[in-house]
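Quick look at what TrEMBL lists:
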{"type": "DOMAIN", "residues": "3-317", "note": "domain 'Cobalamin-independent methionine synthase MetE N-terminal'"}
{"type": "BINDING", "residues": "LYS18, LYS118, ASN123, ARG525, CYS526, TRP571, GLU615", "note": "5-methyltetrahydropteroyltri-L-glutamate binding site"}
{"type": "DOMAIN", "residues": "436-758", "note": "domain 'Cobalamin-independent methionine synthase MetE C-terminal/archaeal'"}
{"type": "BINDING", "residues": "ILE441, GLY442, SER443, GLU494, ASP609", "note": "L-homocysteine binding site"}
{"type": "BINDING", "residues": "ILE441, GLY442, SER443, GLU494, ASP609", "note": "L-methionine binding site"}
{"type": "BINDING", "residues": "HIS651, CYS653, GLU675, CYS736", "note": "Zn(2+) binding site"}
{"type": "BINDING", "residues": "HIS651, CYS653, GLU675, CYS736", "note": "Zn(2+) 1 binding site"}
{"type": "ACT_SITE", "residues": "HIS704", "note": "active site, proton donor"}
Amino acid sequence: MLTNNLGYPRIGSLRQLKKACENYWAGKISQQQLLREGHLIKKANWELQKELGIDKIPSNDFSFYDQVLDMSLMVNAIPERFHEVLLKEGKSELDLYFAMARGYQNDGLDIVALEMTKWFDTNYHYLVPEFRKDQPFKLFSTKVIDEFQEAKYEGIHTKPVLIGPVSYLLLGKEKERGFNRIDLISNLLPVYLEILKKLEEAGADWIQLDEPSLVMDLKNDEIEAFQVVYSQIRKAFPYLKILVSSYFGSIKHQLDWLSSLPICALHVDLTRGEEQLSDVLAHIPADITLSLGVVDGRNIWINDYSKSLNLLEEAIQQRGEERVWISPSCSLIHVPCDLELETNEESLKSEIKAWMAFAKQKLEELAALKKLVTSRENELFSRNQKLIQARKSSDLVHNSNVKEEAWSLSRGSDTRKNPFSVRKILQQAHLDLPAFPTTTIGSFPQTKEVRAWRLQFKKGLLGKVEYENLLKQEIKETIQWQEEVGLDVLVHGEYERNDMVEYFGEKLDGFAFTQNGWVQSYGSRCVKPPVIYGDVSRPEAMTVEWTSFAQACTDKLVKGMLTGPVTILQWSFVRDDQPRSSTALQIAIAIRKEVIDLEKAGIKIIQIDEPAIREGLPLRKEEWKGYLDWAIRAFRISSSGVKNQTQIHTHMCYSDFNDIISEIAEMDADVITIECSRSQMELLDAFAAFQYPNDIGPGVYDIHSPRVPSEEEMVDLLEKAISYLPQENVWVNPDCGLKTRQWSETTEALKRMVNAAQQMREKLLVN
Ligand SMILES: CN1c2c(nc(N)[nH]c2=O)NC[C@@H]1CNc1ccc(C(=O)N[C@@H](CCC(=O)N[C@@H](CCC(=O)N[C@@H](CCC(=O)O)C(=O)O)C(=O)O)C(=O)O)cc1
Ligand SMILES: N[C@@H](CCS)C(=O)O
Ligand SMILES: [Zn+2]
């Protein structure tokens, strides 16, 4: 029986890739140095996997920015606006690649980046391929072949990984009307065939084609595309072994037609739909190898060997050891690299650490399971089972007061005192805001200085009072600056937060956090998801002091800034010993208390960010209702403890709301700010069609790109916005927080944004 890995984290265990990319973008290192750093990470990953005894080691799982963007470059899906980059002196394929990811504002060019969106239900973001009618494809980037050769040169025979052609098309977007992107399959397939030919010539035997769209609801023409693609591949390459890999859910609903797909191996995610195994065994022909994803690639808890071995044994009995592989459920890019780097008892108690496994430890688990399949009479097994039992009964996990509070929550705790129409009038009187009120989403640039102060504080090199005074000075200056620019609703800037989820994780009981547990979120940006191990409660106020300080610096309104329960849940590693809904409820109660305390402290506007509500949506529609019921209720519980006059904002980004607009309306936030600029306000279609009643701030400034939009662009976007929405409901704001931007970009962009709002007021004779 073989062990099979689908993908390994590519950021480097100390985030070497982040640092190298950012240095390259800043012109501090050469392209050669960047490529060298990439090579070192790949080499280290391949060697580690070999050392740990992984039989099928992936290549092309590395990426300098994003694996979907890599595919777009491979098949030459490069929108025309980027073509000029290569004509500029000294610009290479890699510069073109980064231009597509980040936009390009240089050498007299001003090019908007590709759109970015969530990778299925994860906190990873990919760059959306753009498709046009009858679009031709051709082989452009040979990265997959180069990386196979690179590994071969290091003495490692790898299994190249590509996103399968059907999922690649489904992940993209039609950029003009009158066609369906799946119809491009006949143009795309020849490029895949050409690549497979080159890989075969280079000596590859197994190829992994990731088709995560298999876990979604597929239309007939999409199923037909699967059938055409894989039979053509088999016809062209009778000796190449194709592993089709599904993940993030069950494929039970596809088995009727999947059973006749001419492939050599199929990967299934048994951590999400363990019950599918018996159906898979019954439907998938016995000569097809099954790669069983028994080790959770989305969470950090140790594997329960007893449970995994039961599944593996069921499969082995049916089709023999040689036709069963042991795998993580999906690529390991969604978990941090190495638990051994966690040595701080204060943030992660050793008792809890013993229940956890990161990417490296998960590979060790695969190797252990391979050993244990022959016999459980082994120290590895008994030690594992002891830890599983210890976690179940640990006092660290259970808090009866918290459970009691959740059970006894009074009826009506999830409803504001009056409907929005009443609240709007009261809030207008209370807040006295102009038409097209301007605001920002919360964070201001997290400069090197701010991060360095925090690092020094954490290392004990800076005292608490000194650290807090530095942050207060920063807040004071930010407030003054916002007043000067003329923004209407100010924010304190979130300087005290390392991250909008990790910060709350550090303040709440029931959470542990890591020193080095980085996971890629997009490009060079990483997060350290906190670990929810036990019942959640709020020992003390978390943001009141900072917000009150900011409010004391100005007569203008300062908006309190919180992260919502669903987002805290979604962006943490969660408990797997109770339903997500129970954990969400506990967090909601904690946030509700914070909202009430902010109101008591005189804060009149409070924003509860919920960018991950859409991301948490189950991948299959039939499961949506169950999720939305508890997720929306959690938000409502967190936000409904305040008076009518207190204005509740929420914020969402990277999401398409078309299909959940009525639930978004049920959240009943007084104002919702959303990301809209890259998609040119397309998202507002849904709000308009639904006649969304509350206020909306459609983002007019794409904060993911260093590019500064012009005032005219923002006016254009606002004009578009009021063609969808009643103008009295429209707010003016960027797409998201500004923590990743430089001050120079922020200053210019926000001045232009305030001017754009003023232009709208003048044009429409409102104030
Ligand atoms: C809004 N988004 C968020 C998502 N998920 C989150 N958990 N948080 C989010 O804000 N998902 C959707 C979107 C987009 N995603 C991201 C994700 C990450 C960032 C981001 O800016 N990340 C920062 C890291 C933030 C952080 O924790 N910083 C630490 C500093 C740690 C550090 O690097 N220290 C250095 C020393 C300081 C220095 O010299 O820079 C060191 O130790 O060497 C902190 O502030 O304390 C990133 O840089 O990747 C944005 C959007
Ligand atoms: N308040 C947060 C929201 C990010 S989604 C910020 O401004 O960074
Ligand atoms: Zn956001």
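Using N, Cα and C of the backbone, Cβ positions are placed for all residues, glycine too.
Features as recorded by TrEMBL, highlighted on the structure.
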residue: LYS18; record: 5-methyltetrahydropteroyltri-L-glutamate binding site; Cβ neighbours (10 Å): 17
residue: LYS118; record: 5-methyltetrahydropteroyltri-L-glutamate binding site; Cβ neighbours (10 Å): 20
residue: CYS526; record: 5-methyltetrahydropteroyltri-L-glutamate binding site; Cβ neighbours (10 Å): 18
residue: TRP571; record: 5-methyltetrahydropteroyltri-L-glutamate binding site; Cβ neighbours (10 Å): 26
residue: GLU615; record: 5-methyltetrahydropteroyltri-L-glutamate binding site; Cβ neighbours (10 Å): 23
residue: HIS651; record: Zn(2+) binding site; Cβ neighbours (10 Å): 27
residue: CYS653; record: Zn(2+) binding site; Cβ neighbours (10 Å): 25
residue: GLU675; record: Zn(2+) binding site; Cβ neighbours (10 Å): 25
residue: HIS704; record: active site, proton donor; Cβ neighbours (10 Å): 24
residue: CYS736; record: Zn(2+) binding site; Cβ neighbours (10 Å): 26
Per DSSP, CYS526 (5-methyltetrahydropteroyltri-L-glutamate binding site) is which: helix, strand or coil?
strand
If you pair up every Cα among ILE441, GLY442, SER443, GLU494, ASP609, the residues annotated as binding L-methionine, what's the maximum separation in angstrom, rounded to an integer?
13
Quick check for the class: what is the C-alpha distance, in angstrom and rounded, between LYS118 (5-methyltetrahydropteroyltri-L-glutamate binding site) and GLU675 (Zn(2+) binding site)?
13
What binding-site residues in ASN123, ILE441, GLY442, ARG525, GLU615, CYS653 place CB under 6 Å from ligand 2?
ILE441, GLY442, CYS653
Can you list the residues of the same chain, besides HIS651, CYS653, GLU675, CYS736, whose Cβ falls within 8 Å of the Zn(2+) 1 site's Cβ centroid?
ILE441, PRO611, MET652, TYR654, THR673, ILE674, GLY699, ASP735, GLY737
GLU494 (L-homocysteine binding site) sits from LYS18 (5-methyltetrahydropteroyltri-L-glutamate binding site) (Cα to Cα, rounded, in Å) at a distance of 22
C-alpha of ASN123 (5-methyltetrahydropteroyltri-L-glutamate binding site) to C-alpha of GLU675 (Zn(2+) binding site): distance in Å?
16
In terms of Cα spacing, which of the binding-site residues TRP571, CYS653, GLU675, CYS736 are within 10 angstroms of GLY442 (L-homocysteine binding site)?
CYS736
Which residues, in sequence order, are found in the same chain with Cβ within 8 Å of the centroid defined by the Cβ atoms of ILE441, GLY442, SER443, GLU494, ASP609 at the L-methionine site, excluding those residues themselves?
THR440, VAL491, MET500, MET561, GLN607, HIS651, CYS736, GLY737, LYS739
When DSSP states are folded down to helix, strand and coil, where does LYS18 (5-methyltetrahydropteroyltri-L-glutamate binding site) land?
helix
Please find which two of LYS18, LYS118, ASN123, ARG525, CYS526, TRP571, GLU615 have the most distant C-alpha atoms, given that the record lists them as binding 5-methyltetrahydropteroyltri-L-glutamate, and give only that distance in angstrom, rounded to a whole number.
24
Given the binding-site residues ILE441, ARG525, CYS526, which lie close to CYS736 (Zn(2+) binding site), meaning Cα to Cα within 10 A?
ILE441
Can you work out the mean pLDDT of the predicted model over the domain 'Cobalamin-independent methionine synthase MetE N-terminal' (3-317)?
97
One of the recorded positions ARG525, CYS526, GLU615, HIS651, HIS704 has its Cα closest to the Cα of GLU494 (L-homocysteine binding site), namely HIS651
